[in-house]
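Okay, so here's the structure we're looking at.
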Amino acid sequence: MNINNWRDHSSVYSQQHQKFYRWVLYPVILFLLLGSLFLFFAKKEVVVRVSAQLTATKIDKLQVPLEANIKVNNLKENKEVKKGEVLVTFDTSILQNEKEQFEQENTSLEEQKKAAQLFIESIAKEQNLFEDDDEFGYSNQLKSLLLEKETQNTEQVLATTKQKIAVLIETQKKNNYTLKNITEQLVRGTLKSPSTGIVHLNEEVTGQIDVSKGTVLAEIYPKQKESQLMFTALLPADEVTRIKAGMGVHFKLDKKGVASQTIEGTLKEISETSITTEQGTFYTIKGTLQPSKYFNNRYGMTGEVSLIIGKKTYWQQIKDTLLNQE
């Protein structure tokens, strides 16, 4: 009886032991098999991460085009402007006066030239072709010459008159060149927006009236939702050999306490020369980011850009880490 009980207990224990192996060992083997498959076949992106800043793809600068005081200034911070909109008007009254003076001088030169040419023509025909006395005295001089009828004196006067005409023509050319420049400056006296976008003022000259030529009054940034974004970053010199223009990137904004969002982009430019700072030697890289309505941002915000070098299996990454290889 005891032997039978022992056999019964032994049979139960053996069955339970087999069940233990079946429920524990098999899942472990399956887990190891799946883990191995994952390590050898699943791939992960290999990236280089650097800090980056959001910038605009294109920034138009509004510079003072001429030496003149500001008369009307419609520039305001964050103002939305359209292409061709008048933003600044300059006081061009001095230029306008100069233009009128040169135009009057040219008119007088033209009248004097016509009188001189009529004087020469009258001598050639030996008759007075002037209808009235001219203000330059050519008609009176002609009357004297016709009365004297001295050939030598007449030839000398003709030579002098032709020389005067040449001087008049040369003066007119110089005046016309000056008038052209003045007209161009008058056109530049109205500063219009070169593009549609948002105004960012130069705080150093905000509110000033007398600003030097060439000074930047403001910058026009494109509206973010209507154009691509751009990032700028400094890449360590020891990483530049692995980076190529055209590779994909991920950009993630720095947002403390808020779930960050990532947008895709493309690396467009790597500087030809490096810059050296206290932190080391770097190359400047730039790229574009696709706009997203779910990506709220402002120009100048910082984040992290991941430059996608390629892909490796997890096993390759573990092996490279153990062997201290890139």
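Glycine residues also receive a Cβ, built from the backbone N, Cα and C atoms like all the rest.
Keep in mind the model is a prediction, meaning the values are calculated, not measured.
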Annotated range (TrEMBL: coiled coil) out of 92-119, 148-175, 260-287: 92-119
Tertiary contacts of the coiled coil (92-119) (same chain, 6+ residues out, Cβ under 8 Å): 66, 68, 129-130, 134-136, 138-139, 141-142, 161, 164-165, 168-169, 171-172, 175-176, 178-179, 182-183, 185-186, 189
